[in-house]
Amino acid sequence: MEKLMIRGGEHLSGRVTISGAKNSAVALIPAAILSDEKVVIENLPDIKDVYMLAEILQYLGAEIEHHDGTMVIDPKNMEPKPMLNGRVKELRASYYLMGALLGKFGEAQIGLPGGCNLGSRPIDQHVKGFKTLGAEVTNESGALHLKAKTLVGNRIYLDTISVGATINIMLAAARAKGQTIIENAAKEPEIVDVATLLNSMGVKITGVGTDIIKIQGTDRLKECRHSIIPDRIEAGTYMIIAAATDGDVTVDNVIPKHLESLTAKLRELGAIVEEKEDSIRVLGQSFYKPVDVKTLPYPGFPTDLQQPFSVLMTKAKGTSVITETIFSSRFRHIDELRRMGATAKVEGRTAIFDGPTELQGATVKATDLRAGAALVTAALIADGITEIRDIHHIDRGYENLEEKLVSLGAKIWRVIEEE
Ligand code: EPU
């Protein structure tokens, strides 16, 4: 078992370089298999999810070369082997293989990822999309079986704005006959990134970044080279850490526009945020004004930053409220923050913080990736040492977390215990 130990109280300062976006990477790797030729993806983050996807593609027959953040994917010898169990079930984003395999082979059999610590995560909108393109979809013993003689472009209205469904439908539609129109599409930058890759491969996609996306499919996709956008959630996490530790941190290799909602909220709290072309500097304060945050689809405040941001509310003088509109159970970190001394309660989809309160080091558990990021943030400002367990969640999504934090002056180390 591995755990992170953090001695809080340092004001972090310096520069940190942001890696490629996890939520782009997990879609771009499956997207690459739609090609008939080699695809090169650059600026991949060095995180577990990327290695797991590479392993899955190799199982399906792809040839993969992966080093120094670059992956060369040669899908020539791939086959749509059934994947009912194993790796696919561990990795939520393996659902992108449904759209990619359906588009490429007209069939896929994939074990459904179970529920997760964010609450129920249905994929009904993905399935609605596949069916509207002409696929037969059945659920047999916990696995989805998808089959289509021919996929034909069509008009699909998403009943819920969904990042995953928008991307998955784009993947299947990339090789469908004719035009697909996705209405009420999600607008996240990662969707634009996937469309950029597909367009480089020869698909014609317009409207990404708006709520109507048009995809003109093609039956032959060519080789290309693509570099992933910076991870706005990793960047946002370091911006929050800078504000929390009353630090002075510049995050390099970011697209400031992707972080506008966080920048606005940090300024509302009282932190100083300076934006340059591809970097953002955050200067923290000892105490903050209370703020309310409501998570929304992009360009609203991201649910993925809600958990780390909540730590700042323990430094605000007064009552702050978070309303989580995307995932029903994204407050599991709050029990752990309470263990560290936060005054906070959860009522349905709302969390209410009364501050300021001094956090104390404690033994806590990361219940999911961003809960882990919240606990790291809390530990950095807590008095004494915090021990964070279940850090495999954190390793899924943050490249070189300890090295990056140590370079900013944090006292953080990893302990490996024998089981
Ligand atoms: N939803 C449905 N039906 C569907 C799909 C989604 O009801 O068919 C609901 C979900 O239950 C949720 C809402 O729609 O309430 C939005 O879900 P969405 O599909 O947008 O989320 P996702 O694609 O499963 C991605 C990210 C998440 C991020 C969300 C929201 C990836 C691999 N995951 O998930 O990232 O929180 O979008 O922005 O891209 C993370 O990085 O920690 C993470 C969980």
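Placement of Cβ uses the backbone N, Cα and C atoms for every residue, glycine included.
Noted in TrEMBL for the protein shown:
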type     : residues                                      : note
DOMAIN   : 7-405                                         : domain 'Enolpyruvate transferase'
BINDING  : K22, N23                                      : phosphoenolpyruvate binding site
BINDING  : R92, R121, P122, I123, D124, Q125, D304, I326 : UDP-N-acetyl-alpha-D-glucosamine binding site
MOD_RES  : C116                                          : 2-(S-cysteinyl)pyruvic acid O-phosphothioketal
ACT_SITE : C116                                          : active site, proton donor
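Positions of the features from TrEMBL, shown on the structure.
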residue	record	Cβ within 10 Å
K22	phosphoenolpyruvate binding site	26
N23	phosphoenolpyruvate binding site	25
R92	UDP-N-acetyl-alpha-D-glucosamine binding site	18
R121	UDP-N-acetyl-alpha-D-glucosamine binding site	16
P122	UDP-N-acetyl-alpha-D-glucosamine binding site	11
I123	UDP-N-acetyl-alpha-D-glucosamine binding site	19
D124	UDP-N-acetyl-alpha-D-glucosamine binding site	11
Q125	UDP-N-acetyl-alpha-D-glucosamine binding site	21
D304	UDP-N-acetyl-alpha-D-glucosamine binding site	23
I326	UDP-N-acetyl-alpha-D-glucosamine binding site	21
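Residues R92, R121, P122, I123, D124, Q125, D304, I326, recorded as contacting UDP-N-acetyl-alpha-D-glucosamine, have a largest CA-CA distance of 22 Å. Counting only the Cα atoms, the space from I123 (UDP-N-acetyl-alpha-D-glucosamine binding site) to K22 (phosphoenolpyruvate binding site) is about 20 angstrom. Summarising model confidence by region, the domain 'Enolpyruvate transferase' (7-405) averages a pLDDT of 96.
The two recorded residues, I326 (UDP-N-acetyl-alpha-D-glucosamine binding site) and N23 (phosphoenolpyruvate binding site), show a Cα separation of 16 Å. Taking only the Cα positions, the spacing between K22 (phosphoenolpyruvate binding site) and Q125 (UDP-N-acetyl-alpha-D-glucosamine binding site) is 22 angstrom.
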